[in-house]
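In what follows, a structure is listed as structure tokens, so that the remarks can point back to it.
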Amino acid sequence: MTMLALSFARVCSGLAPFRTALRLQPLRSASGITVAQIDEEVAKLLELKARLGGGDDGKHQFVLKTPKGTRDYNPKQMAIRERVFNTITRCFKRHGAETIDTPVFELKETLTGKYGEDSKLIYDLKDQGGELLSLRYDLTVPFARYLAMNKITNIKRYHIAKVYRRDNPAMTRGRYREFYQCDFDIAGQYDAMIPDAECLKIVHEILSELELGDFRIKVNDRRILDGMFAVCGVPDDKFRTICSTVDKLDKLPWQEVRKEMVDEKGLSEEAADQIGEYVSLHGGMDLAERLLQDPRMSQSKQACAGLSDIKLLFSYLQLFQVTDKVVFDLSLARGLDYYTGVIYEAVLTQAGVAPASNDAQNGSEESVSVGSVAGGGRYDGLVGMFDPKNRKVPCVGVSIGIERIFSIMEQRAEAAAEKVRTTEVQVLVASAQKNLLEERLRLVTELWNAGIKAEVMYKKNPKLLSQLQLCEETGIPLVAILGEQELKDGVVKLRVVASREEVDVSRSDLITEIKRRTSEA
């Protein structure tokens, strides 16, 4: 039945051009069919289609679900999420950043060629009025375009917004197709490694304040990687593709990475084995000093420049008191093409918690294990790609993986049965007797006008017990109770929900008393 209706719809839509054409011609066509006759037949077909499509059920059946790789957030989840956002934003502002915003989609050519092998994950949009568009993949490339377009050479900015990747999502691991990024970037010509060190300090502050467990911030330099590839015998034209393979070492064992280098990327076994010796190294400033003396690495000017900057970076990190969490790791590659210098990535080393109840229902045994929660680096050439005169603006930045962090915090709250307040209401205006709606509305208006977060129940004569239970359930700390006697005496009975303590407060002092009590809480 439905297929037949669909066929009729196609017939009707197919007739539309003929009807239009006939209206531009004499009333009668060569075949003798008039426009009126065509309209009449189309009307009959549409009527038949409606009858066929409107059976006993009468409704189109569809599944209510979010698209793959996306999710809804309930009020409790949003409260946790807002807490994380506030922590991150406070940190960015503490370090002097200002904020911007850019369109959620960009010209396709703006994004093309910036992400290496990950370019296949970009969402392309259908042609809209002559412009080929794509959803933004990250916030860094739009930022570089913004700098070039507005001829900005100096800014410290943060940007919190959604990005889109046509990835195979692993939602229990905090991976989605639509997700937020929280970016902090410093653009401008400054002395080496000072802005880079501040970016690492910011990551350290945020992860420490969120109390996610133990973490490590891995650091490397693209120049060290390129120098390493050169001295190990990797052809110049394979640097980027081998770099993308090395970037998989956080997910795959060395043997699988080596196999991809040799079998898929065509690298010699000897070169792959030499790379294997280096990518197993990690340490601190001492490792950088050792590699500067390495017979092979010391032959590369690029590598030596990168190693010298790593030494300088660690000296600043010592002053920032974060070297306890930072490690120089030669396996860190970060596959994005636009990095030119220092790169870094923060990983959680204690991320597992008990599975959330919905995972248990789905038969999942997997606890939260999210790996990387922040990453970034220096990209001195990206802005120049958008500038007609190729004027470069040195940039360094970091992106916080908010969705992965949120996955951990949400499941920890569920595992601990933590009660999360979803509103910020400070006081409920309640009544002890009937017929006091107008008085309640007058009082709540006074509180709103004074900037106090307050609400009333939307009933003319609610029971006092129901009003108190609402406070217990939603975590409202205070109740302002009105009764006939209180109105006569010019007071309000202020009740502390947690202790059930009650005190009469004069109407003129009520706002001051509420502000005092809520500021102490």
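Cβ from N, Cα, C; glycine included.
Marked as domain 'Aminoacyl-transfer RNA synthetases class-II family profile' by TrEMBL: 39-409.
The L-histidine binding site annotation in TrEMBL covers Asp138, Leu139, Thr140, Arg165, Gln181, Asp185, Arg334, Tyr338, Tyr339. Other Cβ atoms within 10 Å of the Cβ of Gln181 (L-histidine binding site), summed over all protein chains shown, number 19.
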* Structure fact -> For Arg334 (L-histidine binding site), the number of neighbouring Cβ atoms whose distance to its own Cβ is within 10 Å equals 22
* Neighbourhood of Asp138 (L-histidine binding site) by C-beta distance under 8 A, where only residues 6 or more apart in the same chain count -> Tyr115, Val163, Gln181, Asp183, Ser399
* Reported mean pLDDT - the domain 'Aminoacyl-transfer RNA synthetases class-II family profile' (39-409) -> 87
